[in-house]
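**Q** Take this structure, written in structure tokens, and hold onto it; I'll ask about it next.
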Amino acid sequence: MSTATPVRPEAPEPLAPAVRQRRGLPRFGGTAVFAAGLALAAVLTAASGWSWGLFAVLGIVLGCLVTYVVSRVVEGRRKATDRLVTALVSSAFAVAMVPLVSLIYTVVSNGVGRLDGTFFSNSMVGVVGEGGGAYHAIMGTLIITALAAVISVPVGLLAAIYLVEYGKGRLKKVLTFFVDVMTGIPSIVAGLFAYALFAIFFGPGIRFGLGGAVALSVLMIPVVVRSSEEVLKLVPNELREASYALGVSKWRTILKVVVPTAIAGLGTSVTLAIARVIGETAPLLVIVGITAATNFDPFDGRMATLPVYAYYQLTQPGVPPEFGIERAWTAALVLIIIVMALNVVARLISRFFAPKTGR
Amino acid sequence: MAKRIDVSDLDIFYGNFKAVEGVNVSIEPRSVTALIGPSGCGKSTFLRSLNRMHEVIPGARVEGKVVIDGQDLYGSDVDPVDVRRQIGMVFQRPNPFPTMSIYDNVVAGVRLNSKKMKKNDLDDLVESSLRGANLWNEVKDRLDRPGSGLSGGQQQRLCIARAIAVQPEVLLMDEPCSALDPISTLAIEDLMTELKDRFTIVIVTHNMQQAARVSEQTGFFNLNGVGQPGRLIEFNPTEKIFSNPDQKATEDYISGRFG
Ligand SMILES: Nc1ncnc2c1ncn2[C@@H]1O[C@H](COP(=O)(O)OP(=O)(O)O)[C@@H](O)[C@H]1O
Ligand SMILES: [Mg+2]
């Protein structure tokens, strides 16, 4: 159209050589400077009477400040901002780690003392003071959680499959909404629901393991539905179409293409849902109760479970109280170990079942 | 095996949107029919309506008739699953099943339908299908490896092997080479020339040379404007389309004046 091509303004000749010499702190220089700020904070805190809270606040502020100033002087503004943000993010991470580390440290140091053979092989029958164990509570937790999984996994998976593969329109929206509502149900309400339900049939005062499994299922189903739904949505539509184009019916496509493709994610989501409910206390307190003896029968009578066991060992430790409190810590430790093991299992599942690309 | 397809007054909808309008065409058995036209004019939509894959999309529907050897595909007593068993499809992007080995991918149509077959017969089916798709020599030593470990061109030929393993009468291909390199493209074109002895092949392509090389008949789709339905403007022997087409629009398109 026009012949005059726009003339670019002449770029000013760069004064510095094309590849600028990098001035910079040595490797780990940033960390070292931050540590210097931290040390300064330690000195100041010590001078005004030691307090961890003051040290943390002052340490982060001074650490970031010193890092910024030093980097600004040595390296220039862009790099200094980068270092400042890095320092802030790392500090935030460290602060977030404090409760976790402190919790694990407290539980391990208090609980490791009773992590012995007796704890895993004895129940609490006839124990008032020293000794005793949580064999009955560990078995109870495993039985009730397994039952809860047996109820929740089929229901949750089928609901997720319905929502992703079949559901449409109003019904799907309503179901999704109620699943979301269920996710927010307080656990004590789940316990009261199970209690009220079974009290209708068996009269007031009913306590048994299956009731606990039902209460846990109320908490577990929405978790399974939600996470399985996300996993199923990740299966590419192309695979479904490839299957349909081979003349495969819809339910076979779901069963043999969609679910196998998503199996790693589904396994992970189920395992994490189990980990989520295994430490629930309130509902089991209401509907399962506690007992000192071992009861393997979830259809009849009270059962002990680890969280409730820990609760009672702490609130009614017996005489003298130290031994009960020690058992409570150990029960908490065992619970944490179980949850961690479940998380490891979830990772292994997703590693071993993930579709392989043998390049 | 191969069958003739007669389409009359076919309108294809996505919900209320009419994507394709008034298609009348007869597709000859044992030949390759190419569909060309600018993007968005409804070639894929039309192709998918030939094996009832169109209705897989929520809200999608079809009016009109598609008759294969005297049977109306959209008759009320026809099961879409049966239709798809007779009319196979190869997609634009290779889509082997990631959980299955090469072997299992080829026999997926049999296995997923839980047809019982002897191990020997399955082995024969795998070999003949992979040979049919010109892939046998490249993969015969690693049939138990995942199909997703193959190159793009090999994956596409695996998908063709998977489609012909169920022994359909018709093979529909939606831009099967558009994600492939020239060598793989050539391999698949050669394959089509071999396969047309046994199947009726309909292929959508953006590559005019490809249409000219492989097809006997060519259909040109076009649309008047955005939001308008696409139409089959011209359907003629490939030689005629590429030498002196009946329609001005066809000539403009193949001589590269638009599209
Ligand atoms: N899943 C869908 N939902 C709604 N509209 C669609 C869908 N797929 C395609 N269309 C529309 O249908 C028309 C034809 O598309 P398509 O058949 O994919 O064209 P082509 O394959 O010729 O490029 C386009 O207007 C497109 O926007
Ligand atoms: Mg297309």
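Glycine too: its Cβ is placed from the backbone N, Cα and C atoms.
Per TrEMBL, the features are:
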type	residues	note
TRANSMEM	A:28-46	transmembrane segment
TRANSMEM	A:52-71	transmembrane segment
TRANSMEM	A:83-108	transmembrane segment
TRANSMEM	A:134-163	transmembrane segment
DOMAIN	A:138-346	domain 'ABC transmembrane type-1'
TRANSMEM	A:175-202	transmembrane segment
TRANSMEM	A:208-225	transmembrane segment
TRANSMEM	A:257-278	transmembrane segment
TRANSMEM	A:328-349	transmembrane segment
**Q** With CB pairs under 8 Å as the measure, which of the listed stretches A:28-46, A:83-108, A:175-202, A:257-278 comes out on top against the transmembrane segment (A:208-225)?
**A** A:175-202
**Q** Mind checking which residues of the chain, 6+ beyond the ends of the transmembrane segment (A:83-108), have their Cβ under 8 Å from one of its Cβ atoms?
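**A** Cβ under 8 Å, 6 or more out: 30, 34, 56, 60, 63-64, 67-68, 71, 75, 329, 332-333, 336.
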**Q** Which stretch from A:175-202, A:257-278, A:328-349 shares the most C-beta pairs under 8 Å with the transmembrane segment (A:134-163)?
**A** A:257-278
